[in-house]
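**Student:** According to TrEMBL, the protein carries these features:
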- A:C328: active site, cysteine persulfide intermediate (ACT_SITE)
- A:A74, A:T75, A:N154, A:Q182, A:T202, A:A203, A:H204, A:T243: pyridoxal 5'-phosphate binding site (BINDING)
- A:C328: [2Fe-2S] cluster binding site (BINDING)
- A:6-368: domain 'Aminotransferase class V' (DOMAIN)
- A:K205: N6-(pyridoxal phosphate)lysine (MOD_RES)
Amino acid sequence: MLKLPIYLDNNATTPLDPRVLEAMMPYLTEVFGNAASRNHPFGWAAEEAVDYAREQIAQLIHCDPKEIIFTSGATESDNLGIKGVFEMYSQKGNHIITATTEHKAVLDTCKHIEKLGGRVTYLPVDGEGLINLAELEAAMTPETILVTIMYGNNETGTVQPIREIAAIAHKHGALFMTDGTQAVGKIPVDVIADGIDLMAFTAHKMYGPKGIGALYVRRKNPRVKVTAQMDGGGHERGMRSGTLNVPGIVGLGKACELARLEMVADTARLSAMRDRLEASLLELEESYVNGSREHRLPHVTNISFKYVEGEGLMMGVKDLAVSSGSACTSASLEPSYVLKALGLSDDLAHSSLRFGLSRFTTDEQIDYAINHVKEAVTKLREMSPLWEMFKEGIDLDKIEWAEH
Amino acid sequence: MAYSDKVIDHYSNPRNVGTLDKSKRNVGTGLVGAPECGDVMRLQIEVDETTNTITDAKFKTFGCGSAIASSSLATEWLKGKTIDEALSIDNMEIVEELALPPVKIHCSVLAEDAIKSAISDYRVKNGLPALEESKAHH
């Protein structure tokens, strides 16, 4: 018997893999030492576990274990990377380049930088969510210290041309940072081949625990430093003070190891399931995929269903845990700024659903989701005056709506 | 968002979804809201001209569960009412009946608006002056 609701919101967070929990358990119980305690075996055991996790993480993203700075998650890593570079490289310049479709952890940090007197360029994206490389190049100035562009987008799954972006940043003497939250563990991310200088990522998007993430900070070619944003005991080579979250770190390490070993198989299975889900839902008339279908994370699809309203749609798909591009459950009626940046109209952005599949998603769940969404959309359209008008060939843009 | 049982009932089993022949002289049609605002309601009434009584009411709504429920409830209430009785339906009655939270009061306002707009259309078709500006327009 299928258990409802079905969880398809894995871009928000993933369940903990039981194997990750198993690896963490000893560090939540008997091996409780502080990794900074140098004088007794409790500390040594904790430090050994942390070092092992660094190796597991380093193998996944192809870096040196010493280049991993543990944080509380991707938001903190984004903050540390951007603010840390801004402070550390203030002698060189004060200009940062990012994109309009970044996560709030990047965008709001950039707004903070602007308040501190920094200058930030927010690059627009095209209809698929990709930045324009020529526009990036044109935005580079001698004062540009950092280009920060996310690897894969959380709402659409669109994957940016990371290597090309890094090359442009480096050509102009700037550092390149990426928010790898959605990409690390899902697609091959290689900080050396990709030319990444700093990268934020987190455990809970790849079947690890919440509350643990990391910032990759390159140590050579070039040696990158960030100014600490938290003062204290000088942990993590002075870049992030605070007692290390040993069980979390062990969990992140194990999650990275599993991701590395199972990525090929997971990608094949997930992309096949995603494609089946997508193809089936696109059988509904007037449904559209948002973002790039060519450059995309394997487990994500974001689809708009025209002529149905977002909140009504969410109510109709109550057996699924998914996200919508609609924020109308809050008092504001603002639809997703990411979908808006792709050029979607408000109503199309509102009527979108984001499906994020996971290692634990089954074919049976996908079958159910397909039928459930199709039924909901069909029912709502039968109830929708807009759908009736569309079917009668009336151009809805030509109607003078009574705005309220 | 937590919906009341009545909203869920109207959403799951909407009453009187459909379309009346808007070319008929005794059918009044109200179309209110806008797609960008996330709600469009179309409410139609069919009137017995001799008794001035609403004999049938149909709706179609593009909107959230509360908007669908508000218009579904409105059609239920309209049937059998005289035009004057229908005009006295206040949005707050809908709010009470469906236990709408404050953020959804606009759905009830829109439903009241749709009723008045349908009646106004019926009046104009029958040589009477249109009703005055409705609540939702501001």
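Just so it is clear, glycine is given a Cβ too, placed from its N, Cα and C backbone atoms.
Heads up, TrEMBL stuff is auto-annotated, nobody curated it.
Quick one: where do these features end up spatially?
**Tutor:** In sequence order, A:G73, A:A74, A:S77, A:T181, A:G208, A:I212, A:G213, A:A214 are the residues of the chain that are 6 or more apart from A:T202 (pyridoxal 5'-phosphate binding site) and have a CB within less than 8 Å of its CB. Following the DSSP three-state reduction, the secondary structure of A:T202 (pyridoxal 5'-phosphate binding site) is strand.
Residue density at A:K205 (N6-(pyridoxal phosphate)lysine): 27 other Cβ atoms are found within 10 A of its Cβ, drawing on all protein chains shown.
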**Student:** Taking the Cβ of each of the binding-site residues and counting other Cβ atoms inside 10 Å, which one has the highest number: A:A74, A:A203?
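**Tutor:** For the binding-site residues A:A74, A:A203, the Cβ with the most other Cβ atoms within 10 Å is A:A203.
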**Student:** Could you state the CA-to-CA distance between A:T75 (pyridoxal 5'-phosphate binding site) and A:K205 (N6-(pyridoxal phosphate)lysine) to the nearest Å?
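**Tutor:** Each residue's Cα considered, A:T75 (pyridoxal 5'-phosphate binding site) and A:K205 (N6-(pyridoxal phosphate)lysine) end up 13 Å apart.
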**Student:** DSSP three-state call for A:N154 (pyridoxal 5'-phosphate binding site): helix, strand or coil?
**Tutor:** coil
**Student:** Just name the most isolated of the binding-site residues A:N154, A:Q182, A:T243, going by other Cβ atoms within 10 Å of its Cβ.
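**Tutor:** Comparing Cβ neighbours within 10 Å for the binding-site residues A:N154, A:Q182, A:T243, A:T243 has the fewest.
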**Student:** Given A:Q182 (pyridoxal 5'-phosphate binding site) and A:K205 (N6-(pyridoxal phosphate)lysine), what distance in Å do their CA atoms have, once rounded to a whole number?
**Tutor:** 7
**Student:** Could you find out if DSSP has A:A74 (pyridoxal 5'-phosphate binding site) as helix, strand or coil?
**Tutor:** helix
**Student:** Under 8 Å between C-beta atoms and at least six apart in sequence, can you list the same-chain neighbours of A:H204 (pyridoxal 5'-phosphate binding site), or say none if there are none?
**Tutor:** A:T13, A:T14, A:G73, A:K210, A:G211, A:I212
